[in-house]
Amino acid sequence: MTGKKKGSECIKVVVRIRPLNSKEIQSGHEVTTVAHEDRGVIEVRNPSADASEPSKTFTFDAVFSDKATQRSIYDVCAAPVVQSVLEGYNGTVFAYGQTGAGKTHTMEGCADSPELRGIIPNAIQHIFDHVSLETANEKYLVRASYFEIYNEEIRDLLSEDSKASLELRETTDSG
């Protein structure tokens, strides 16, 4: 035993299916995915294939249907990472997907509505709730990064100039 929590260094891959938007519904698009949340499986049906063709299935650490709440996503995906951060470990939540897939909604959500808050505002609340409960004379330094990688450009979304590209640097001694 190394003393680390079980799974503390694991990368978990989670998929969230977003609902069709109003434009997709008006255009006659149909839902082609089914999430089996209890098994971590997604079935994908090819809408132009013959009806007898079986769906393709993919297995992940967790899957969420289009009915999943922002809170359930946070509780399963991000709260364990934030808790590890509060215990002194580094943590990363990485959203990946094509444009329009729902990354911004999942990460940011809607700040005006507590039930629609995304991972970032929920994580901030979690961290500062924890800090406010501490009774010892401890000081905290909270640092966060919020980057976007798009078309091979890296942007710091917390910078005053979030449109400016950052340069990726690599050294032989430290990577």
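Glycine is treated like the rest: Cβ placed from N, Cα and C.
Feature list (source: TrEMBL):
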{"type": "BINDING", "residues": "Gly97, Gln98, Thr99, Gly100, Ala101, Gly102, Lys103, Thr104", "note": "ATP binding site"}
{"type": "DOMAIN", "residues": "10-175", "note": "domain 'Kinesin motor'"}
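A map of TrEMBL features onto the structure.
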residue: Gly97; record: ATP binding site; contacts (Cβ under 8 Å, 6+ apart): Lys103
residue: Gln98; record: ATP binding site; contacts (Cβ under 8 Å, 6+ apart): none
residue: Thr99; record: ATP binding site; contacts (Cβ under 8 Å, 6+ apart): none
residue: Gly100; record: ATP binding site; contacts (Cβ under 8 Å, 6+ apart): none
residue: Ala101; record: ATP binding site; contacts (Cβ under 8 Å, 6+ apart): Arg18
residue: Gly102; record: ATP binding site; contacts (Cβ under 8 Å, 6+ apart): Arg16, Arg18
residue: Thr104; record: ATP binding site; contacts (Cβ under 8 Å, 6+ apart): none
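What surrounds the ATP site, by Cβ distance within 8 Å of the Cβ centroid and not counting Gly97, Gln98, Thr99, Gly100, Ala101, Gly102, Lys103, Thr104, is the set Arg18 from the same chain. A sphere of 10 angstroms centred on the C-beta of Lys103 (ATP binding site) encloses 18 other C-beta atoms.
Confidence over the domain 'Kinesin motor' (10-175), given as mean pLDDT on the 0 to 100 scale, stands at 90.
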